[in-house]
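Asks: Below you will find the structure I want to go over with you.
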Amino acid sequence: MFSMVTEFMNYGQQTVRAARYIGQGFMITLSHANRLPVTIQYPYEKLITSERFRGRIHFEFDKCIACEVCVRVCPIDLPVVDWKLEMDIRKKRLLNYSIDFGICIFCGNCVEYCPTNCLSMTEEYELSTYDRHELNYNQIALGRLPMAVIDDYTTRTILNLPEIKNA
């Protein structure tokens, strides 16, 4: 008889302990219910990047001296620099510059070590395409100015908003 009483007491203690654990889990769930969502509705709302964000590389053709420092500091030897030596002025003349963003790891070494600051990181992060060969950007595509995150053509088109005028 005494064993039945102790088993009944143990059952009661286990029931109280289980109810306490369920209550703790429920309180954690309720505390998360009052928080703001972390995600954004991507095509309609754009992510505002931080100041040190490393996006697409912007290239200024006129500043480049074809020194190939960017190729030497790149961990994967990615930038392709084609140049020709001008014998009359004894300087290199840049013919072609390209970066394949399908392979680029966006480490920023090329931007950091460029002696003429012809390379810079932009806030542009939408580089997705259906064909991986479209990710190979030449100097014309690299020289294109980045589109502002706030004034995006696709968002304006989807939401039928007027174009933002720069003052």
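Glycine is treated like the rest: Cβ placed from N, Cα and C.
Feature table excerpt (Swiss-Prot):
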type	residues	note
BINDING	C64, C67, C70, C114	[4Fe-4S] cluster 1 binding site
BINDING	C74, C104, C107, C110	[4Fe-4S] cluster 2 binding site
DOMAIN	55-84	domain '4Fe-4S ferredoxin-type 1'
DOMAIN	95-124	domain '4Fe-4S ferredoxin-type 2'
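Explain the structural surroundings of these features, please.
Replies: The Cβ of C67 ([4Fe-4S] cluster 1 binding site) has 17 other Cβ atoms within 10 Å, all protein chains considered.
Sequence-distant contacts of C104 ([4Fe-4S] cluster 2 binding site), defined as residues of its own chain at least six apart whose C-beta falls under 8 angstroms from its C-beta, comprise I57, I76, L78. Taken residue by residue with DSSP, C104 ([4Fe-4S] cluster 2 binding site) is part of neither helix nor strand, so it is coil.
Within the chain, the domain '4Fe-4S ferredoxin-type 1' (55-84) has long-range Cβ neighbours (under 8 A, six or more residues past its boundaries) at 49, 91-101, 103-107, 109-125, 127, 137, 139, 142-146.
Within the chain carrying the domain '4Fe-4S ferredoxin-type 2' (95-124), a Cβ under 8 angstroms from the stretch's Cβ atoms is held by residues 49, 53-65, 67, 69-70, 73-76, 78-84, 132, 135-139, 142, 146-147, 149, all 6 or more beyond its ends.
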Asks: Calculate the distance in Å between the alpha carbons (Cα) of C107 ([4Fe-4S] cluster 2 binding site) and C70 ([4Fe-4S] cluster 1 binding site), and round it to a whole number.
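Replies: Cα-Cα, rounded: 12 Å.
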Asks: Restricting to the same chain and to sequence separations of six or more, state which residues have a Cβ under 8 Å from that of C74 ([4Fe-4S] cluster 2 binding site).
Replies: C107, N109, C110
Asks: For C114 ([4Fe-4S] cluster 1 binding site), what residues in its own chain, 6 or more apart in sequence, show a Cβ-Cβ distance under 8 Å?
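Replies: Correct list: V69, C70.
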Asks: Please count the residues of the domain '4Fe-4S ferredoxin-type 2' (95-124) that DSSP assigns to helix (H, G, I), strand (E, B) and coil.
Replies: 5 helix, 9 strand, 16 coil
